[in-house]
């Protein structure tokens, strides 16, 4: 039975990763031959594999993000009836809540205006449903929740609604969170995360550090938490005069309640479902671990195909599968040896997934799990379970627990501080698509196999070879230009075949916005793109002019990657913006260069000319944009920054431009740029526009788009195409290829 179930899962995987699924099929087939399985089992397994593939294709084809609204018109307000799963909470100058529509779609609700009236009590949300009006934004990726942004929360249009058992559980959960937040416990944010799976109360910088150190799995409710919860409950129940079979029934009934309490995350779903199946069918199914894991995977994925795309789901099943397969390696070993082996096995289970999502291997987990795992597994997680009992039933007792809990989290904070330097060193793996995923999966299989057969010398030699290979393949040897989708801003990356880099602008949020998003552009856009390209440091950053949507991420970027040089026009910068550049440069030992003194720059086959077409007597920062002419072999790219019509006139007076193949349109397609005479002179083949989707300025302007169309210019806009890359073929000097970058 395990082989048949595994083959069904491999069929599902084949719909997403064909090459890797073929590797798994070969491994399973070899295992079946070695164990002399019957021909009938082989045929059934093959049929199960085909069935899994067909069903998965059918389910994936029916997936639709945003089931309550037409995602093609997200600027209009909608009115929808929702149930609040969590009460609205003010965090970082915005009010957030998790809501559920009548068709069971969960949404992140947010508002930037604090309600004039006080918010209702906690029991109100369990007993009422409300109509809300706001803008619906579909999720950027499958497996993530859509957003609903409302101007102001109002509760006068709510109606009584009979609470379900899940509503009552969520009321207990919300009560626990409220009591913990009002307590004086140091580390209450982490206790809430451990008990409920809700990490939003953890400081964003500390949460980023936790993820970089590879210990975020401790805060995602999973098998460890469920095992501790069941163990504590079992120890209490077995001391009562209750038969074991009744205890199992009680635990099976309580587990779904615990799942709802913890937020129903994919890893929690896996752990709870596996435990329930184990309690019910343990007498009837052999090889329990793998069989129950496979059954859980199939049930969850058939129930919700979107769950495949959830990072927690992938990590949970991959790591759990390897731990079960390798249990003979670490079982009945001394505690330290077991801890080391399970850390290594979990590390290998995470590698292909980390590559796919982050282009990075979190090697830090090999070190940090050695001391964080015992601390949390033996002490902190059990304490978080106890706080549920006290916070809900006897909240006054929490104050007596403070002297016990506070030293623990002071010690934990010390360990985080001690480990923080590890997060600075990233093991980056460039993007190689399915071939990269297959290669890493094969490396992981060979590594755990060598550990399983105790061939430790071969394992060490193999690991050294793999590390060397990853260093040699750090850059993909392509001359490339990438226009990164940073929303309403600019960030354009040039990379030569030898890995030399120039980033023109960094993107950033506009200063004049009343409500600024907490979206970290460096963390979500810039750094992921750099990792995909195998870039560890940036040779040059050019700041075209002193606007935040062009230089706002400079500080954050300098804290993330090493920047060697900053190029800018120092004579036309606002005082505060100039100080910002000087501060960043001094703090990170970055050389400052004047664009118009430098005049030109060569990076491999790329040649950059920085053109001075500024309007000296203008107070508009856009009029002081540094215009860049990039040339690679027979291709010419003109990048206008936010240059205006006046700059275009000055440019045509001063410089005799070569034939332009690619034009980066000025000022995001505003009517203040790309004039008729300028376009008539330049006549590019392609135009690139960097603008935010549904931006407040409604850019690019329709007139500019019509003008480009009139001159038969093929136009790309990041609002529609996301990040774009252009590769220049060294063997065909006048040709290049434009393609959409992987998200």
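Every residue, even glycine, has its Cβ placed from backbone N, Cα and C.
Curation plays no part in TrEMBL annotations; they are all automatic predictions.
Annotated features in TrEMBL:
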DOMAIN    488-693  domain 'Metallo-beta-lactamase'
TRANSMEM  25-55  transmembrane segment
TRANSMEM  213-234  transmembrane segment
TRANSMEM  240-261  transmembrane segment
TRANSMEM  273-300  transmembrane segment
TRANSMEM  306-324  transmembrane segment
TRANSMEM  336-355  transmembrane segment
TRANSMEM  375-401  transmembrane segment
TRANSMEM  408-429  transmembrane segment
TRANSMEM  435-452  transmembrane segment
TRANSMEM  459-475  transmembrane segment
Region pair the transmembrane segment (336-355) / the transmembrane segment (435-452), three or more CB pairs under 8 Å: yes
Tertiary contacts of the transmembrane segment (408-429) (same chain, 6+ residues out, Cβ under 8 Å): 185-187, 190, 206, 209-210, 212-213, 355, 359-364, 367-368, 371-372, 375, 379-380, 383, 436, 440, 470, 474, 531, 534-536
Integer average pLDDT (0 to 100) for the domain 'Metallo-beta-lactamase' (488-693): 92
